[in-house]
Amino acid sequence: MISPADPPEDAGARGPGLKLLAVTACPTGIAHTYMAAEKLAQAAQALGHEIKVETQGSIGAENVLTDNDVREADGIIVAADKDVDLSRFVGKRVLTVGVAEGIHHPERLIDRVRTAPVHRGAGPGAGAAGPPGAEGGRERGALYKALMNGVSYMIPFVVVGGLLIAVSLALGGHTTPEGIVFHSSFWQSVHDIGVIGFTLMIPILSGYIAYAVGDRPALVPGMVGGWIASHGELYDSKAGAGFIGAIATGFLAGYVVRWIRKVTVPEFVRPIMPVIVIPIVATSAVGLFFVYVIGRPIAWVFEHLTNWLGSLTGTSAALLGVLLGLMIAFDMGGPVNKTAFLFGAGLVSRNPEVMGMCAAAIPVPPLGQGLATVLRRGLFTQQERETGLAALFMGFFGITEGAIPFAAARPARVIPANMLGGAVAGAVAGLATVKDSVPHGGPIVAVLGAVGGVPMFFVAIAVGTVVTAMATVTLMTLGGGAAPRMPGAVAAVPAVPLAAGGGSVEVTGAATALSGHLTEASVRPWLAARSKEAAIHELAGLLAATGRVTDLDGLVGAVLAREALGTTGLGEEIAIPHAKTDAVAAPVVGFARSEEGVEWGAPDGTKARLIFMIAVPEEMAGDEHLRILAMLSRKLMDPGFRERLLSAGGVGEVMGVLGEVS
């Protein structure tokens, strides 16, 4: 007797059709998800099989597989580049591949699923399926996505904790030789709540990095490891390891969990592996490893840095200011930062000039990063621009940690820029003999009357802030954070002025497609651009011609930032660059064809000849742009539609073909 989990290997084209299920998903949950679903459905129909495909896109799971679907299924194809829960498929043949396989080789997958291994619900990958063969550049991309996962969850804790601390200092604080204290228990309570938020941000960063690497069982060891990293007293250090330690514990916890999953265990142990065994073993391993292997060296470094700084007190004030500024800005609350701060705080009573150098450097990282988001908005995402405003506020109140989200996301560019600005601020304060009589920093201490040499104190902060901002912008531009206008790009089409109130300007009587988001003004039969960056600039100019673009540079920057996360070249000669950005006032779509094709990094190696650009305001991003992408992705899987689109004549014929999308 053959069970549903063991379909006959000669089923399919030579016999009764199979009942198949599939799940498609990609990290951004947009075009690839729906293209793979459409391709699998087309292939199954052609081969005489029945298939139901669940799509796990950013808009949420659609066409969800039911328990009854799973019971009746002969096999299940999971085409995903992100984690997919496999626990519901126990006892069924499950084939796990990358989402690109679902797009380019659907017939092959349907053939392979007939002999796929039966999912047993334990062992490696028991709880989730992820992208196979993550090696080389793909592995680096996975590491970056894991890091950004942690950063995105950490940001609310940084903002809430930092702003509560700032408000309590501004409205309820006054200076004493011991630092800033509070007029009443109410403001002390507000401050304490903010400190709790700040205390949690490091474990959150670590925990969600671990979660992205090792799935749910890695969350606890990641968070506990992050807590240990932030509490130096657990390994005899006067300062914790800060966000750098949290990044280390996050990845360590995630990969320890992945390793444990590969261990073969008895059948009766498997059900409790993800809930009990893996979290306990991983938490103990990560915690003890950090305390005894990583923590002790951190304590040693802290002690010797303090002694070394003590030996420099008789040297040049400018040199000492440079060193303290570099240390303050390096890890923003970590052991190096704390070494410099505690060194300055210990000399407040007999040498307040040292604390003056520290106080000038303390606000530079958050102020500099905040200023960078204002100077070059197009280099940053909408979330980063909002975080930048909070960083400016935190910088005023001497909260260096306000720059951590930027440093965690781009350490190789942000940390050197922070250190350069911190060194300049410390040197200027040292040369000007700025004094700080309380162990705190930032403009707030001058406002509260604790600083001697106030004018030069503000000059030091201002110069350091500008240096950090300019260095950040320069390093991001050189490093590809967002590209400037490419020499080969054509001039942007002049934007039609926005109507009063910021609404979009429509061309009366003109043909439209894609729910009115694409008009004749945003279609170009043939691109002049020959490179991806130039094509993005040219398409952004088309979108500007609709009158819906309020910030052309911001739009280009947002699209390039999205490309940096992963190519929007989908294969089959298609690319759909897109962005969620407030650089547009309303949803807008542009389309152009390339006669020779543009290299877009597509998985199948084809050059993009059919290129759509989609831009949607942030407030509508969770719904409208995903709906547009889903419509386009499904229709573009039809070879006849693509051929008609390529062979259409002028704008009118192109609009006629695009009118088929619904």
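Along the chain as shown, residues are numbered 1 onward.
Here the Cβ of each residue, glycine as well, is placed from N, Cα and C on the backbone.
Nobody curates TrEMBL annotations by hand; they come from automatic prediction.
For 20-115, the entry in TrEMBL reads domain 'PTS EIIB type-2'.
The domain 'PTS EIIC type-2' annotation in TrEMBL covers 143-485. Regional average pLDDT for the domain 'PTS EIIC type-2' (143-485) in the model is 82.
Secondary structure counts, DSSP: the domain 'PTS EIIA type-2' (516-661) has 63 helix, 34 strand, 49 coil. What TrEMBL lists as domain 'PTS EIIA type-2' is 516-661.
Marked as transmembrane segment by TrEMBL: 153-173 (among others). Using a Cβ-Cβ cut-off under 8 Å and counting only residues 6 or more beyond its ends in the same chain, the transmembrane segment (153-173) has close neighbours at 180-184, 186-188, 190-191, 193-201, 204-205, 207-208, 383, 387, 390, 393-394, 396-397, 399, 401-402, 404-405, 408, 444, 448.
The transmembrane segment annotation in TrEMBL covers 193-213 (among others). Under 8 Å from some Cβ of the transmembrane segment (193-213) lie the Cβ atoms of residues 142, 145-147, 149-154, 157-158, 160-168, 219-227, 229-230, 240, 242-243, 245-247, 249-251, 253-255, 257-258, 401, 404, 408, all in the same chain and six or more residues away from its ends.
The transmembrane segment annotation in TrEMBL covers 239-260 (among others).
Residues annotated as transmembrane segment in TrEMBL: 272-295 (among others). Residues 122, 126-127, 214, 216-218, 220-222, 224-225, 228-229, 232, 234-237, 241, 245, 248-249, 252-253, 256-257, 260-261, 265 of the same chain, all 6+ positions outside the transmembrane segment (272-295), place their C-beta atoms under 8 angstroms from a C-beta of that stretch.
Summarising the annotation, TrEMBL assigns transmembrane segment to 307-330 (among others).
Sequence annotations record features per position, and here TrEMBL assigns transmembrane segment to 387-408 (among others). Here the transmembrane segment (387-408) has long-range neighbours at 147, 150-151, 154-155, 158-159, 162-163, 165-166, 169-170, 198, 201, 205, 243, 247, 328-329, 332-333, 337, 359, 362-374, 380, 414-415, 418, 440-445, 465, 472, meaning same-chain residues at least 6 beyond its ends whose C-beta is under 8 angstroms from one of its own.
Under the heading transmembrane segment, TrEMBL lists 414-432 (among others).
Here TrEMBL flags 444-467 (among others) as transmembrane segment.
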Chain residues outside the transmembrane segment (239-260) and at least six past its termini with a C-beta under 8 angstroms from it:
143, 146-147, 150, 202-203, 205-215, 217-218, 221-222, 225-226, 228-232, 277-278, 281-283, 285-286, 289-290, 294-295, 298, 302, 331-335, 337-339, 342, 404, 407-408
